[in-house]
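What TrEMBL records for this protein is below:
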COMPBIAS  481-498  compositional bias 'Basic residues'
COMPBIAS  499-529  compositional bias 'Basic and acidic residues'
COMPBIAS  536-545  compositional bias 'Basic residues'
DOMAIN    366-446  domain 'BING4 C-terminal'
REGION    474-545  region 'Disordered'
REPEAT    287-328  repeat 'WD'
Amino acid sequence: MEGYKGSEQGENYLMDVKKSQLISPPAPKQDALDELDSKVKKYLRGSGADLEGLKDKKLRGQLSVREDLYGKSAKAAAKAEKWLMPSEEGYLEAEGLEKTWRIKQESIVQEVDILSSRKAFDMILPDLGPYTLDYTSNGRYMAVAGRKGHLAIIDMHSMDLIKEMQVRETVRDVAFLHNELIFAAAQKKYPCIYNRDGVELHSLKEHGAALKLQFLRNHFLLASINKFGQLHYQDMTMGEMVANYRTGLGRCDVMQVNRWNAVVGLGHSCGKVTMWKPTSSAPLVKMLCHHGAVTALAFHPGGHLMATAGQERRIKLWDLRKFEVLHTYTGNAKSLEFSQKGLLAIGNGSSVQIWRDQSGDHNYSRYMSHSMVKGYQVQRVAFRAYEDVLSIGHSMGLSSILVPGSGEPNFDSWVANPFETARQRREKEVHSLLDKLPPETIMLDPTSIGNVRPEKKKERLTKMESEAEMQVAITAAKSAPTKKKTKGRNKPSKREKKKHEGIARVKRPFLEQHIKDEQQVKKKQRISDDLQLPKSLRKFVQKPE
């Protein structure tokens, strides 16, 4: 009997387990639904409209249909993300007590595939350095400039040299324009623009001896800062000079563009960082960042984070929404650069460090480090778009290292296509010219574009202006025509009385405003008098009735 009971209990237990399995949904399906909900929230256009308070039935119906459409489009985008964004970034992971920054480039190159291993190289050019470089927006082409006049364009996919030339004068910086067909070089006397075949197209003599160049892709503006501290903006479509401003802070050789809002940031020798737009002769922001000269500057792709380095051996991270310091680190930097995924490259001397935000609170820590041959001096570091590659321009040539997790793994072919054909490039050039933004759209907060501008408060008139307006109103009231009424109601005394009533009616708002202003002045004066007295004696002051 006991064995029977035990077997019966076992059967009941199995039945309960089967029932629980039937009732509870499978865990993978529930996880997939949760993941889909989180992606739908990402694609929704903010919170839904409150339709319960609307009294208009027609408007409520139209808005409900639109809200349903937004929800369906967000759900479709979340489902398509699985196929449109199949790749995910991967970072170095250490085991046990191992540190990722101790892993050498040789070890990384041995572990990656053959195509990725070819992206790490050293190009020794000892005679024409130091070198600086720039990439196109899709990361396929690299422009190289040596201080002693060496210019070259390289296809980074096939590693073919497209064009190489010697201009026989000092070259301080290089920058691609809207695509790889045209690039600008900051030479000894003024910047020059060349095409892909090395033919000089223009010489921008108005810019003077430019030290740094930056191109604003969405606005087709070439910005330069020369050795006299003059900031120039030139429109590359029409060729006209948009703006020319004096910074008033002396020589400046640190320049970077915030890609989020197209504001140009300048680092000065007095420790200040200024931010400019072409439609304002005064800087939008002027902030004291360091006690020494600013040596490097970089903006996060999100637009709200800025990294600066000073000669007093400090590297600071700034929150541009509040203009406050988030973190301060000890170290020098000749060049700073943020990657597409937020990694920060710091080049100084013969070493390069890559920092990563591990926790998500912008508290960066060392992620990777790379040391070159002793004596090499880093001039420029630049991440290659859509690739886990960091390029280094130094005094003895060029170097390229692998940085896992630095590049965006999924590219949008409508924004930047690393594999675009000649036909696609032509189409993109036409569309970008049609979508060109005017310089007036550059501002600190680009999300405010399209909003309704609030009404400005009316400026208070001075005493003389208010008196003049009152006299004009009185004159108009005196000369106002009067209606001719019936006999007995059109006496001269009644007409004169109505005229005086009209004048008094016109003067009343001016007199009321004058009394109100006098009361505010007396109130402010009384408050200031009370503040001058000690706190213990203010209660004995006789208040006016």
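The backbone N, Cα and C atoms fix where each Cβ goes, glycine too.
Annotations in TrEMBL come from automatic prediction, not curation.
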Looking only at the domain 'BING4 C-terminal' (366-446), how are its residues distributed among DSSP helix, strand and coil?
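Residue counts in helix, strand and coil order: 17 helix, 24 strand, 40 coil.
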Where does the mean pLDDT land for the domain 'BING4 C-terminal' (366-446)?
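Across the domain 'BING4 C-terminal' (366-446), the average pLDDT comes out at 93.
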Take the compositional bias 'Basic and acidic residues' (499-529) and count its residues per DSSP category (helix H/G/I, strand E/B, coil), listing them in that order.
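Tallied per class, the compositional bias 'Basic and acidic residues' (499-529) gives 31 helix, 0 strand, 0 coil.
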On the DSSP side of things, how many residues of the repeat 'WD' (287-328) fall into helix, strand and coil, could you say?
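Across the repeat 'WD' (287-328), the residues distribute as 0 helix, 25 strand, 17 coil.
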